[in-house]
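Here the structure is laid out as structure tokens; the discussion comes afterwards.
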Amino acid sequence: MIKKLNKLIKNFTLNELRTGLKVTAKELVNKKITVQFPEERTPISPRFRGLHALRRYPNGEERCIACKLCEAVCPANAITIESKMRDDGTRRTTQYDIDLFKCIFCGFCEEACPVDAIVETQIFDYVFESRQGSIMTKERLLEVGSQNEQVINQTKFEDAKYK
């Protein structure tokens, strides 16, 4: 009987409504944690794995030696490499494609590369106009690498103490 009376009093006084309004009022005056994304950026870890890039040596030559270790270690089979022997006896890639829809951004390709040719940059805001746009060709990868070489070197330097 007393439980029913307590329940009736709580329902009559709208106790749950007051509790909810109290929580709402408290959150109204608290500091906002939302970031207005395109205008504001949050800090990114130096170990963040984003868009891929192929690097070049300072003399302009591609670093990739077509060893295909990155292709072999990729758990998602997102990397496709075709290579050809050059006149000087070295092997170079003729095709280096990464399907970003398949890629799980695990970083195994970067770890497997013996010459630091493939890296994952800190670029995370990119879009594709079509399904074909998700395939990063060798030319696009080299372009990303050339445009971001200074940032890549800086993040490699910051990350070196953890390896």
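Residue numbers in this text run from 1 along the chain shown.
Quick reminder: no glycine exception, Cβ is built from N, Cα and C everywhere.
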Would you identify which residue of Cys67, Cys74 Swiss-Prot lists as part of the [4Fe-4S] cluster 2 site it also attributes to Cys103, Cys106, Cys109?
-> Cys74
Rounded to a whole number of Å, the separation of the Cα atoms of Cys106 ([4Fe-4S] cluster 2 binding site) and Cys64 ([4Fe-4S] cluster 1 binding site) comes to 19
Cβ packing number for Cys64 ([4Fe-4S] cluster 1 binding site), 10 Å threshold | 25
Residues sitting within 8 A of the centre of the Cys74, Cys103, Cys106, Cys109 CB atoms ([4Fe-4S] cluster 2 site), not counting those, run Cys70, Val73, Pro75, Ala76, Ala78, Ile79, Ile98, Ile104, Phe105, Gly107, Phe108
Output field, [4Fe-4S] cluster 1 shell: CB within 8 Å of site CB centroid, site Cys64, Cys67, Cys70, Cys113 dropped | Ile65, Ala66, Lys68, Leu69, Glu71, Ile81, Cys109, Ala112, Pro114, Val115, Ala117, Ile118
